[in-house]
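Comments concern the structure below.
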Ligand code: GDP
C-alpha cells in the first residue's frame, strides 16, 4: 500500500505536460523533433511531419485527416527523458489554426515559446501567449535560428517585454550572430558553449568555463566580440530582471534561451533547464476548491473532441486531461455534467507517432476516450460521487464570421443537426439574428479553414448544401449586463447585434474603433471579450 502511494506520488512528480507555441516557421516542429530524438522516441530526423507549408484543397485536407488521424496522432506526444515523463501538446499552425488550438493550452501546465531571431514576436505567438498568460502558467522562451542573421538580442528582449507584457531574463546570451555566431555565454555557470556549425549537433557542444574577463575567452572570440560580450553581460546584470524561480513558476517572468534547433545547438541544455524549473502538474481550480493531483480520487476534464470524419461511424475521440488520481483501464467513472456512469474501456495514449491502448495513466497525462456522442468540451469525469466540476473552458472570441443558410429548405432539420454537432465539437460558434428564422445562421470561427470544414462536413455527413457569405466582422463582444434590453441599444453601421446559443446578446464589430464608438453611445453597457 505504502509502496503504491510512493510510486503514485513519484509518477505525478515526474510528469511535465507542456505546449510549444510559435508562429508558423519559427521552428516548432524542428525543436519538437530534437526533443523526441533526445528522448529516444524517434530514431531519425524528419520523422515529425510539419504541416506548415502544405496548401491542400479542403477535400485533400480531410482525406489526410482521415488517413493519418492527423490531429489525433499529433495532438499529444508522450516520451521519457532523464526520468521525466513528458507530454507535449501540439498547437497546430496557421492552416489548422482553430479554437482547438486555444483549448489545448487549457490542458498544458507550461508553455515553450519559440521565436525566430530574425522576426521577433509574431502574430500567432501573441494570440497563443495571451491564453497562457491568462492561465498564469510558466512560459519559457527559446529564441531560435541563431545560426542565421537575426535582430539585436536586446531588441528581441524589448519586443517580448513590450509586445507580450512579461518580464524576461536571459539564461544564456548569444555571442555574434549569423556567419559570425560563436556560441552562447551561460550566465549562471560562467561558461561559453561553443557553436560548431559543421557537425550539426551530432556531438555535445564544446564548453569553456571561466571568468568573463578570462584571456581564454579573448582567444576564442577575438577582442571585439569579447569586449561586446563583457559590455552586454554588464548591462544585463545592472538593468535586466533578476532570475527568480518563483516568478517563472507564477508566469510573471520568462527565462530566455538562445539557440538553433536545426543545428541542435543549445537544445539539450534548454530541455534540461526547462524540465528542472517548470512545475509538475499543480492543483486545478474546481467548484470544490483547488484539487490536488495527488488525491486518490481520479478526475479529469475534456478539452478537445476530434471527430473521425467517417460518416459511417460518426466515431469521435474525446481528449481527457487527467488532473488527479490514477487512471486504470476499464474503470467506471461519473460523467458529472450528464450525471451518468461511463466505462473507460479502450483508452488510448499517443506515444511518438503511435496510438496505444493504455492500462494506467497519471495526472498530467492525456488519454483519448471513445465518445459515442455524450461528451462536451469542458466536461468533468471523476471517480467519486462528489460532483466535482473543473472550471469551464472559456469560449474564445471568433475572428471570422459568415452568414450560412441551407440551399434546400426541406433539409432544414439535417442542417440544424449538423450545425449543432459541429458546435458541440467546438469547431464553430453559432449565432442567430433576432427575428430571423433558423434557416440562416451567423457562424463564427477562430481559424478561417473551419468554414471549409463546415461546408464539407455538412455536405458529406448530413447531405446538406449551404450558401456561405463572408461577413466583414472581426471582433465580438458579449453584453455583460444581466437582462439587458437590446431595444435601447444604439448601433453603428459597421456593427451587428446577434444572439448566442443561450439567447444572450452579442455584438459583432468590424474594427476596434467601432467598439469604442458603441461604448460611447451606450454608456450603460458593459462589454466582455470572453463569454
Ligand atoms: P514550424 O512551422 O514552427 O513547425 O517550423 P519548422 O520546424 O517546420 O521550421 C521551419 C523552417 O525553418 C524549416 O525549413 C526548418 O528547417 C528551418 N529551421 C528550423 N530551425 C532552424 C534553425 O535553428 N536554423 C535555421 N537556419 N533554420 C531552422
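Along the chain as shown, the residues are counted starting at 1.
Each residue, glycine too, has its Cβ placed from N, Cα and C.
Feature annotation from TrEMBL assigns GTP binding site to 22-29, 90-94, 144-147. Taken from TrEMBL, the feature domain 'Tr-type G' covers 13-282.
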Around residue 91 (GTP binding site), how many other C-beta atoms are within 10 angstroms of its C-beta?
24
In sequence order, which same-chain residues at least six apart have a C-beta under 8 angstroms from residue 22 (GTP binding site)?
28, 113, 114, 115, 124, 125, 128
Of 22, 25, 91, the binding-site residues whose C-beta sits under 6 angstroms from any atom of ligand 1 are 22, 25
Model confidence over the domain 'Tr-type G' (13-282) (mean pLDDT, whole number):
84
Within the chain of residue 146 (GTP binding site), which residues six or more apart in sequence place their C-beta under 8 angstroms from its C-beta?
117, 174, 177, 181, 184, 195, 258, 259, 260, 265, 266
What's the number of neighbouring CB atoms sitting within 10 A of the CB on residue 28 (GTP binding site)?
27
Cβ contacts within 10 Å for residue 25 (GTP binding site), all chains included, total 17
